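Peer 1: Sending over a structure as structure tokens; questions will come in a sec.
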Amino acid sequence: MIEVINYLKKISYADYIFYFLTLAIFFVFLMPFMHYIVLNLIKVTSGSTVSYFNDTLAANIYLFIDRYYIFYTVLGVASVAIFLNKRIFSEVIELFSSFNLSIRYAIALFFIFGVISSVFAISPSIAFKGVSVTFLQFFCILFIAVYIRDNSKAVRFFYTIILLSLIFFGGSLFLQLSLANYSVYGSYIAGNIQKVLLYMYNCLNPRFLDNYFSWFMPLILLPWFVDLRPIYKLGSFIALILAWFILINHGFRTIFAEYIIILPLLYIFARRYFKIAFVVLVLALVYAGLLELFYNYFIAVVDHSNVKSSADLVRGGFSGRIPLWKEAFWVGVEHPLTGVGQWNYLAITKRPDGYPHNLLLEIWSQWGIPAFIAAAVVIITTVRNLYKKRLEICLNSYQCIFVMMLTAGMIDGMLNAMFKTSLGLFGCVFVFGFCLSIFVKQPQQDTSVSATSYAIVGLSIFASIFCIAILPLIFPPLWI
């Protein structure tokens, strides 16, 4: 008991904030306290023909909504906690002040244009909410960057949580697949249940979870990069097999594009990590293929029923990107100064596919061209600075992993609606923070924060929380 008390005394205020954020993403991914409903049969009559539709979307909509509620709450609580601690807040402000002048102006202008865009949006309340979420994300990114600096213990803790989340998710999925034949409907409906589980387990759309895999699969390679104990390597290999198995069944092609780019870059800039990364990923993919064969031969039930499901609708959806990108480009051209407002794209799009599925075009069409230029300045400068530090990054195992995570996530963000899902948004807070930590310098001993900084940042944080939690209640979104 004394040892536990002594251990708790060693945990700092910053540790509590980081652990809170880390455990929150674990819960947002797994949603362990909520049951995923795999069977919600609705009778569909067409003339004399009677069939059934397994409407899992309607039955599990609360999972989609509650993930966002948790994410918003965690962002708000963490931001207030950072603001209330003078030392942590001063380090965060010091980090922002260390950016060169053009970056600071670009970031400030980006949010100013976001606010202006929200004023002229179709539904201002939801636009302000979107900009506010982005601001709180940025504030938490700065905190993580400061906290992670030379803190390999925190990275390993985060890795352990992500590892456990993947193993728990894969294990739970396999258990559900194995028990599908024992529902009250027996084998007649088991095939449909398994189809739903494989494609949409614990989500409304498989892409909501695929974003999580994009951000964090490179992190699972950590035990081989820093030579952790064999138990971690075994756990990571199991997690990678499960991840590949799930992604194969999700039909997620973007993951292959990610590693077609990452592995050659690793070969060019960090060859000592290339061989082990290539071998582990390919072996895990091979074992995932064998696991797929095992499932098909020994667990899967042939679907003989005339029951259609939500998974069929999602699978049958339009997957082309060029028409989406063309429309998003012209939306930005038609609204050049302010865009249509953050999270307002669905109000004007003429396509059923939703958002542009490209981060740059989302900014272009929703925030306006001036905000797009500001974002481009930040992105180009970041890439240039990472390239300048490439030798140092390649010599540091942790930093190499961070850049791999960033590369994978941004490729996904350029091809999918990564920055519209709760897990995509939450994941970027950690990955951007990890990568930003590469540039964090040792903080000064006595860093004072001006009253003006306190007032501006504090007002921005609490105004953001108001826009997220209260404003949509006063002015409900006009198009949802």
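Just so you know, glycine gets a Cβ as well, placed from its N, Cα and C.
The transmembrane segment annotation in TrEMBL covers 16-39, 59-84, 105-122, 128-148, 157-176, 208-226, 238-269, 276-298, 363-383, 395-415, 421-440, 452-475. Feature annotation from TrEMBL assigns domain 'O-antigen ligase-related' to 238-374.
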Peer 1: According to DSSP, how is the domain 'O-antigen ligase-related' (238-374) divided among helix, strand and coil residues?
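Peer 2: Taking each residue of the domain 'O-antigen ligase-related' (238-374) in turn, the totals are 93 helix, 3 strand, 41 coil.
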Peer 1: Within this structure, do the transmembrane segment (421-440) and the transmembrane segment (59-84) have 3 or more Cβ pairs under 8 angstroms, counting pairs 6 or more apart in sequence?
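Peer 2: Yes, the transmembrane segment (59-84) contacts the transmembrane segment (421-440).
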Peer 1: Pairs of Cβ atoms less than 8 Å apart decide it: which stretch in 16-39, 105-122, 395-415, 452-475 has the most with the transmembrane segment (363-383)?
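Peer 2: Against the transmembrane segment (363-383), the leading stretch is 105-122.
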Peer 1: Mark yes when the transmembrane segment (421-440) and the transmembrane segment (16-39) have three or more Cβ pairs under 8 Å (sequence separation 6 or more) and no when they do not.
Peer 2: yes
Peer 1: Quick one: do the transmembrane segment (208-226) and the transmembrane segment (128-148) have at least 3 Cβ pairs under 8 Å, skipping pairs fewer than 6 apart in sequence?
Peer 2: no
